[in-house]
């Protein structure tokens, strides 16, 4: 595979600029030097340089004919299995990885929390991973409050071992990777309707608005994180998630103006 497509993330410049998805084609073509190719390949969740649409997924939503009847077809297969008994009454929270919980780089970092070996085209590369401040307490508490699902546009060969080391408490009931995204207008989008959960009881935490463009009313936005060890975003979000964990319908809260918005 092209070594420029394994990790999906955005740069600091892109985070400060107009809202774009991670790996947006225009920014990738005009701003990213070739040295970032491997990084873009591993983490990049949003764009495919060839512009090729993803193949149809078995979890695609049912099509509805003009008269409202559902055409006969194979029963839909959702991305998630049925919720476990302990999670049956909990809201499902989809949580992003790169620039939300961690930041990764192929450039050596002295204070890396994890070093992940990733094979690309027969060559093993070391990926240096920094944990966002307060991520441990955040995941521990989120796992108690919600049915948590890791959903990243990065490839599993990178994201799976990162999640193994990051999630000490088994907060993530499931992990979804790039192949579970929908390719839409140059971005990898996380289509929440394919999860198999009531959308009134689904949240998504992601630093990229392009990732939840299909369901913006389900989103709890989070600022992109790179290396600021004084960051308190995850800690500051916990009281809001505590509130959301007690509602019957997330729209009753998320469709209301939030302080500072």
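From the backbone N, Cα and C atoms, a Cβ is placed for every residue, glycine too.
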Of 207, 218, 228, the one that Swiss-Prot places in the same Mg(2+) site as 96, 98 is 207
Per Swiss-Prot, the region 'Disordered' among 1-33, 34-66 spans residues 1-33
DSSP, reduced to three states, assigns residue 98 (Mg(2+) binding site) to strand
Taking every residue in the domain 'FCP1 homology' (86-244), the average pLDDT works out to 98
By a 10 Å Cβ neighbour count, the lowest-scoring of the recorded positions 96, 98 is 96
With neighbours defined as other CB atoms within 10 A, the best-packed of the recorded positions 152, 207 is 152
